[in-house]
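The S-adenosyl-L-methionine binding site annotation in TrEMBL covers 219, 248, 269, 317. Taken from TrEMBL, the feature active site, nucleophile covers 344. Look at TrEMBL and you will find 344 tagged as active site.
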Ligand code: SAH
């Protein structure tokens, strides 16, 4: 096993330029120790930190893979990632953290382009068609979505292209065309059409089925997500009588797991696509005690507080930038007995903990999880209870 791991680490030719794996070549145990130490340091003035939960097999965990396409001066087509901080494309054919099936599909798409006369989009001139490919795979259902991001809306012989691609990869369940004609570093544009299948994939997490469309946030490491959510539920200790808020809820995963053992759950999320998925997910899983609102979480909580609403438990899982004072001030007014704060950036979480612990809450413990092996990122759950 050890020898095999070493070989896999040595195999990444793109590491230096890609910059995605800051822990390239560093033994996994050491990575975990480093993350553990970093989280503990950030948390030490608030509470104890338990040992970080790592992965048994820390490779190929990413269920979402993105590749940018480019044409070299000699005409060769490459696909991979942007060199860190630039718009130069570094070719990547295999990656130790990405799903291997997704990488194989991307390589085969590259192989098909020539015979279908599909030109690569040129960022400088705006000429050409294919810009990016995004792949999402439901690890437990096996469903695969391929999103072809184009610089203009018309793709010639798209049906034959899908046929040829599905011949190579019959496991692809849906293909979506996304049009991004802006000169932007954002991968996906606004317009989408489904050219094969249902336009989204489904995955099973904690015994519930979730639909995921191209733009919705979905945890990229489902193996660790089940452990993370399990811990969050254990800390919340729901008994069936509680009113729960799932803030920054994405497609409603945490809220729906909580709804199984709560009286009522309210989810709030800014991204309209994610909210649409969340509503459909609740219906599909026949959950009648959960509602979703599409709004800025801070503004939503402020309104709840102004209406004199109460909550027993608040789950909050903000993006890397963390939460806002508007949000936290309103949480304090809503006065839940428990706050379960899940964070993908313990640094901004520590900043937010400062506010919450100064306004009537006590941090009871920090529980780090390694959701992103080989990268510098760590995930951390903190339980806060009302003083
Ligand atoms: N809890 C979900 C999603 C967490 S990621 C899960 O575990 O899958 C953070 C989410 O916050 C994303 O879905 C993002 O769209 C959303 N978000 C970002 N800014 C927001 C804001 N100001 N108000 C509400 N949601 C926001």
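Any Cβ shown, glycine's included, is placed from N, Cα and C.
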Who sits close to residue 219 (S-adenosyl-L-methionine binding site): which same-chain residues at least 6 apart have their Cβ under 8 Å from its Cβ? 225, 228, 253, 371
If you pair up every Cα among 219, 248, 269, 317, the residues annotated as binding S-adenosyl-L-methionine, what's the maximum separation in angstrom, rounded to an integer? 15
Should residue 248 (S-adenosyl-L-methionine binding site) be counted as helix, strand, or coil on the basis of DSSP? coil
Show which residues of the chain containing residue 269 (S-adenosyl-L-methionine binding site), separated from it by at least 6 in sequence, have their CB under 8 Å from its CB. 248, 249, 250, 252, 275, 278, 292, 293, 294, 297
Fill in the CA-CA distance, residue 317 (S-adenosyl-L-methionine binding site) to the residue listed as 'active site, nucleophile', as an integer in Å. 8
Around the C-beta of residue 248 (S-adenosyl-L-methionine binding site), how many further C-beta atoms are within 10 angstroms, looking at every protein chain? 21
Take the mean position of the Cβ atoms of 219, 248, 269, 317, the recorded S-adenosyl-L-methionine site. Which other residues of that chain put their Cβ within 8 Å of it? 217, 246, 247, 249, 250, 253, 254, 318, 319, 342
Fewest neighbouring Cβ atoms within 10 Å: which of the recorded positions 317, 344? 344
